[in-house]
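Have a look at the structure below, then the notes.
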C-alpha cells in the first residue's frame with residue numbers, strides 16, 4: 001500500500017511539473033541577485049538560486065528547489081520532487097519526503113534520510129546516519145562511520161561495518177554480515193549464511209536466534225552460533241556452535257566449548273581444551289585428547305582414539321585405543337582390541353629379552369624359545385602371538401593406506417576468483433587401498449584452511465581425517481595476486497585473431513584497389529599513345 005501511494009505521489013509530482021511547463025509560468029527574479037522563481041508561492045532567497053513549481057524554497061547560494069514544497073537551506077543544495085529537504089551545504093534530496101541533513105549528503109527515493117556527512121540513503125525508508133555511510137534498499141540503516149547497509153531491513157551500526165541481504169545486523173567494528181537474518185557483533189568478524197528470528201525473545205520484542213558475537217571470528221553456513229566473549233573462532237557448516245576461543249568447527253551440528261579445539265564431521269561435541277573430534281558423532285571432554293572415527297567417547301586427559309565405538313572413561317590418562325570396539329581399562333595403556341575381539345600386531349621388531357626389559361616380544365623370539373624348551377604350551381602361545389601380530393599388521397596397513405590417501409590432497413595455487421578447491425586422492429599401502437576427498441578454502445592470499453577425510457575397509461569402513469591452516473608470513477605476505485587468469489588470455493587471443501583477420505581483409509581490399517588503378521593507368525597510357533599518333537599524322541599532313 002505504501003509503495004502504491006509513493007508511486008502515485010511521484011507520478012503526481014511529475015504531472016505537476018509537466019503541467020507547470022505546459023502552462024509556461026512566467027519567470028521572475030528572486031529576492032537575491034541572479035535568482036529565479038517560476039510557478040506559485042516559490043521563494044529563491046540565495047544568490048543564483050532557483051525555485052520552480054509550487055511552494056518551493058531555495059534559500060542557499062546556487063541552490064535549486066523543483067516540484068512541490070521542496071526546500072534547500074544552505075549553499076549549493078538541491079531538492080527535487082515532493083516535500084524533500086536538503087538542509088546542509090551541497091546536499092541533495094530527490095523523490096518524495098526525503099531529507100538530506102548531512103554536509104554533501106544525498107537522499108533518494110521515498111522517505112529516506114541521510115544525516116551523516118558525505119552519506120547516502122537510497123530507496124524506501126532507508127537511513128544513513130553515520131559519516132561516509134551508505135544505505136541502499138528498503139528500511140536499511142547505516143549508522144556507523146563508513147558503514148553500509150544494502151538490501152532490505154538491514155542495520156550496520158558498527159564503524160566500517162556492512163550488512164547485506166535481508167534483515168541482517170552488523171554491530172561490531174569492521175564487521176560484515178551477509179545473507180538472511182544473520183547477526184554479527186564481534187569486531188573484525190564476518191557471518192555468511194542464514195539465521196532465524198524468534199518473536200518470543202527479548203521480552204516479546206523478538207531477537208536473532210543465531211549470532212556471531214566473537215571477535216575476529218568467521219561463520220559460514222546456516223544456523224551457527226559463536227558466543228560473546230570469545231575470539232579467533234571459525235565455523236564452516238550448519239547448526240554448529242562455539243563457546244570457547246581459538247577453535248574450529250567444520251560440518252553439521254558440531255559443538256565446541258573447549259579452547260584451541262577442533263570438531264570436523266557431524267554431531268561432534270568437544271568440551272576439552274586442546275582437543276579434537278573427527279567423524280560422527282564423537283564426544284571429547286578430556287583435555288589434549290583426540291578421537292578419529294565414529295561413536296567414540298573420551299572423558300580422560302591426554303588420550304587418543306583411532307577407530308569406532310571406543311570409550312575411555314574419566315580418570316584414565318595417556319592411553320591409546322586403535323581399531324573398532326577396542327577397550328581401554330587403565331592409564332598409560334595401548335589397546336588394539338577387546339576381550340573376545342583381540343587383534344594381532346604385525347611387523348614388530350624384536351624386543352630386548354632380559355629381566356628388566358619392557359619391550360614386546362616377537363613371534364620369532366618365541367619360536368626360538370619354543371625350540372629351546374620343546375614345550376607344547378609355547379607352540380600354542382606362539383600361534384596366539386602370531387595371530388595378534390597379524391591383526392595389528394592389518395590395522396597398520398589400513399592406517400598406512402589412509403595416510404597415503406590424505407597425503408595426496410594438494411590444493412592448487414591461490415586464485416581470488418575461485419577461493420574454494422575440491423581435491424581427491426587414492427592411497428595404497430601393502431594390500432590396503434583407500435580413497436580421500438578434501439576441501440580447501442582461501443580466505444585471502446595469506447590465509448588458507450584445508451580439510452580432508454579418507455575411507456577404506458573391506459567389511460567395515462575405516463576413516464581418517466585431518467584439518468589444517470596455512471598462514472603466509474614474511475616480507476612477501478600481502479602481495480597482491482598478479483597471475484593473469486586463463487580466461488583473460490583466451491579472450492585476448494580471440495580478440496587478436498579477429499583483429500588479424502580484419503587486417504588481412506583490409507590488405508586484400510587495398511591490393512584489389514591497386515590492381516584496378518594499374519589497369520586504369522594502362523588504359524590512360526594507351527589513349528595517350530593513340531592521341532600522339534593522331535597528332536603526328538596531322539602535323540605531317542600540314
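Every residue, even glycine, has its Cβ placed from backbone N, Cα and C.
TrEMBL tags one of the stretches 444-492, 493-541 as coiled coil, and that stretch is 493-541. In the domain 'Trimeric autotransporter adhesin YadA-like C-terminal membrane anchor' (412-470), the DSSP tally of helix, strand and coil residues is 0 helix, 40 strand, 19 coil. Below 8 angstroms of C-beta separation, residues 116, 119, 121, 126-136, 173-182, 184-185, 187, 197 of the same chain, each at least six residues beyond the ends of the domain 'Trimeric autotransporter adhesin YadA-like head' (142-167), sit close to that stretch. Remote same-chain residues near the domain 'Trimeric autotransporter adhesin YadA-like head' (317-331) are listed as 293, 300-311, 337-339, 341, 343, 392, 395, 460, 462 (criterion: CB distance under 8 Å, separation of at least six residues from the stretch ends).
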